[in-house]
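Enquirer: Okay, here's the structure, questions in a sec.
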Amino acid sequence: MTEYLLSAGICMAIVSILLIGMAISNVSKGQYAKRFFFFATSCLVLTLVVVSSLSSSANASQTDNGVNRSGSEHPTVYSATSTKKLHKEPATLIKAIDGDTVKLMYKGQPMTFRLLLVDTPETKHPKKGVEKYGPEASAFTKKMVENAKKIEVEFDKGQRTDKYGRGLAYIYADGKMVNEALVRQGLAKVAYVYKPNNTHEQLLRKSEAQAKKEKLNIWSEDNADSGQ
């Protein structure tokens, strides 16, 4: 609509210029010609103001919401947190401690890692003792990391260690995320979700939902949702 009005304004400007030309050529013919000249000049000024306003409006409408009519987008500025990509770093296995804890050699130093966003049944808890499916979860993690030719750790966007000094990370064995594999097999639950350390939360919840549907391991028990 703006484009049509702009075109009409340009046509009006052209007509006004022609009228001014006619008035100038007849200005010597009397008072009527002078009034005609004044009228034509006023029309031209008014038309130029309208055309200028419409042109500005057209330019603004083309860039609404950061997208112009050609389809290209203006760069969007994001915070450092929202654009930060996770990356994997190499490590070597020292030993698997239990289902959700491993000890690795990381950057030349031994470090214990707690798997992010998951919780496996206990095997060494001073009060809970050995919980059902705890040994199975420990054996699963041990097999994955011991058989892997390449171990990698992937920190999330938030804090990297817990109050015990353990690294908080996603652990990969030959490219497969151990955290997700445990959840998919029904040997771990999605737990301890704290932003911004939750980049892979939806992946894990999807795997957990599938494990529940298939009633695998901890989800085969009647009290699976009791917080065990």
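Counting starts with 1 at the first residue shown.
Yeah, the Cβs are placed from backbone N, Cα and C, and that goes for glycine too.
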Enquirer: Considering the Ca(2+) binding residues ASP119, THR120 given in Swiss-Prot, which of ASP100, ASP156 is annotated for that site as well?
Expert: ASP100
Enquirer: Write down the Cα-Cα distance for GLU122 (active site) and ARG114 (active site), rounded and given in Å.
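Expert: Just about 13 Å between their Cα atoms.
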Enquirer: Taking 8 Å from the centroid of the Cβ atoms of ASP100, ASP119, THR120 as the cut-off, which other residues in that chain fall inside it around the Ca(2+) site?
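Expert: So the extra residues in range turn out to be ASP98, GLY99, THR101, LEU115, VAL118, PRO121, ALA137, LEU182, ALA188, LYS189, ALA191.
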